[in-house]
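Everything on this sheet refers to the single structure shown next.
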Protein chains: 2
Amino acid sequence: MKVGFIGLGSMGMGAALSALRAGLTVYGVDLSPAALERLEQAGAAGVGQDASAFAGDLDAVVLLVVNAAQCRDALFGANGIAPLLKPGTPVMVSATISPDDARRFDEDLRAAGLKMLDAPVSGGAAKAETGEMTIMAAGPQDVFDTLEPLLDAIAAKVYNIGETIGLGATVKIVHQLLAGVHIAAGAEAMALASRAGIPLDLMYDVVTNAAGNSWMFENRMKGVVEGDYTPMSAVDIFVKDMGLVTETGRSLKFPLPLASTAYAMYLNASNAGYGKEADSAVIKTFAGIDLPKKSGG
Amino acid sequence: MKVGFIGLGSMGMGAALSALRAGLTVYGVDLSPAALERLEQAGAAGVGQDASAFAGDLDAVVLLVVNAAQCRDALFGANGIAPLLKPGTPVMVSATISPDDARRFDEDLRAAGLKMLDAPVSGGAAKAETGEMTIMAAGPQDVFDTLEPLLDAIAAKVYNIGETIGLGATVKIVHQLLAGVHIAAGAEAMALASRAGIPLDLMYDVVTNAAGNSWMFENRMKGVVEGDYTPMSAVDIFVKDMGLVTETGRSLKFPLPLASTAYAMYLNASNAGYGKEADSAVIKTFAGIDLPKKSGG
């Protein structure tokens with residue numbers, strides 16, 4: 001099976017390397033020469049800043065770019081891959097996008113004679129590298145069947161949500177609502193602890209051993225305790241994702257009081273200049289507290 | 001060691017039974033005859049609706065009532081225990097109360113010749129029953145030392161936050177901020193999933209296997225999936241606790257955007273008539289969705 005990975009950031013690179021380890025023939029597309037070189041040295045059959053050299057050979061495409069605009073460009077832009085693929089090639093759209101965008105891509109891919117799997121992913125860079133992502137996918141059963149070797153290679157768990165394109169994107173967005181609120185709540189709680197004179201390492205220890213814990217608290221507030229805001233995932237990713245969450249709420253005429261509040265916190269953090277820092281830097285918008293500094297930094 | 005447990009709800013009963021199993025001499029006080037009978041049959045040395053029959057024999061007291069008003073009544077009310085205790089007896093105040101209330105109790109206990117441990121607990125009824133609560137405690141080191149056999153019997157983990165009374169209450173309140181926001185966020189996410197046509201059992205499965213998970217989501221949203229709102233902990237408990245959280249924020253002049261929003265959600269749920277149902281019933285305030293019904297119910 002020949003698979004083209006478009007987007008070689010932390011998730012795309014991890015998935016591509018997992019596919020290589022599983023014995024699939026892998027091709028990679030990214031704008032970064034460093035990423036292309038890394039994948040080529042790992043054994044990719046071909047790499048490029050666009051897919052023109054190998055698109056016609058591919059049996060499947062995985063899109064792991066950042067947003068819907070990048071998906072559109074990668075598929076239908078000036079050097080887009082869609083017109084170059086064999087008829088019927090399945091395209092796994094794994095960026096976090098709105099359900100409306102997922103439905104639009106499906107229409108346009110079908111018009112181009114291609115098939116779509118609406119297949120957002122979760123699990124972070126570490127799970128992508130070990131081939132253990134979680135995939136929440138919607139699409140025709142025959143596309144699931146065709147892509148099975150690929151899904152097996154890159155995911156520990158694949159949810160088949162049904163045939164209706166858009167449900168994959170929706171499940172991911174509901175998931176991101178929780179992820180985004182949990183990081184912001186972690187920041188709010190740690191900021192309050194700091195204001196009250198509680199040592200943050202003790203607070204972190206209590207919470208992670210008690211019922212107030214969340215996956216995101218445990219993963220992201222560690223950085224706050226250590227004063228380390230190196231981005232694995234940046235504030236601006238949640239500006240985007242919580243924007244998609246609130247857009248989905250509006251589209252469904254549904255109130256989202258906590259998600260809307262968290263969205264405002266991420267917007268404010270980005271405007272304050274923390275957009276490229278770790279998403280936990282949303283805590284820096286709380287004034288009147290002293291946060292831990294990175295040792296030696 | 002002779003220990004009196006005041007308040008034999010799910011947490012107090014569990015702690016008292018754990019102390020019995022550890023070989024301590026246990027006394028129990030509660031208004032419920034059923035609770036008193038249960039503890040007596042388990043081997044308590046004495047029980048009563050007040051402590052007058054055995055207060056003078058006690059080496060330690062544990063207060064596991066619901067709020068500060070009940071603490072005050074149990075200690076200093078008409079049948080309060082404080083005037084009956086031996087001088088220097090340590091009183092472990094384990095209700096969830098505000099830091100200001102903790103400091104007031106400390107003053108009044110010291111004026112009565114007694115000692116206080118500011119020692120809120122976490123872990124839920126299950127952990128209380130197995131003697132594995134988490135205790136976050138502040139107080140003089142000699143009180144910690146005196147209470148060591150008791151703490152060993154009822155807790156898996158004891159955090160010594162320092163000598164300053166009020167810090168235990170504060171750590172608990174920061175913890176409750178997270179617990180309360182996580183339940184409300186879980187409800188908001190599941191409500192959105194329902195509105196979007198996602199099966200809630202699938203949504204629950206995805207979240208609990210991914211980075212959007214929290215202890216509270218996993219524990220409480222199970223009931224929503226099953227349509228079961230039997231209260232282990234009720235909406236009105238979080239009306240109280242999120243009230244303490246926002247009171248603490250006000251006292252420290254500190255904004256808590258997510259906690260304030262979640263507090264409003266619990267208040268609204270209580271006013272809608274769900275105060276005595278499970279805290280996850282906060283989801284019932286979202287109009288325009290159909291939630292799962294309990295099978296056979």
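Numbers run from 1 along the shown chain.
A Cβ is built for glycine as well, from the same backbone N, Cα and C atoms used for every other residue.
Per TrEMBL, these features apply:
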type	residues	note
DOMAIN	B:2-162	domain '6-phosphogluconate dehydrogenase NADP-binding'
DOMAIN	B:166-285	domain '3-hydroxyisobutyrate dehydrogenase-like NAD-binding'
ACT_SITE	B:LYS172	active site
Tell me, roughly as an integer, the mean pLDDT over the domain '3-hydroxyisobutyrate dehydrogenase-like NAD-binding' (B:166-285).
97
B:LYS172 (active site) has how many other Cβ neighbours within 10 Å of its own Cβ?
32
Counts by DSSP class (helix H/G/I, strand E/B, coil) across the domain '3-hydroxyisobutyrate dehydrogenase-like NAD-binding' (B:166-285)
92 helix, 3 strand, 25 coil
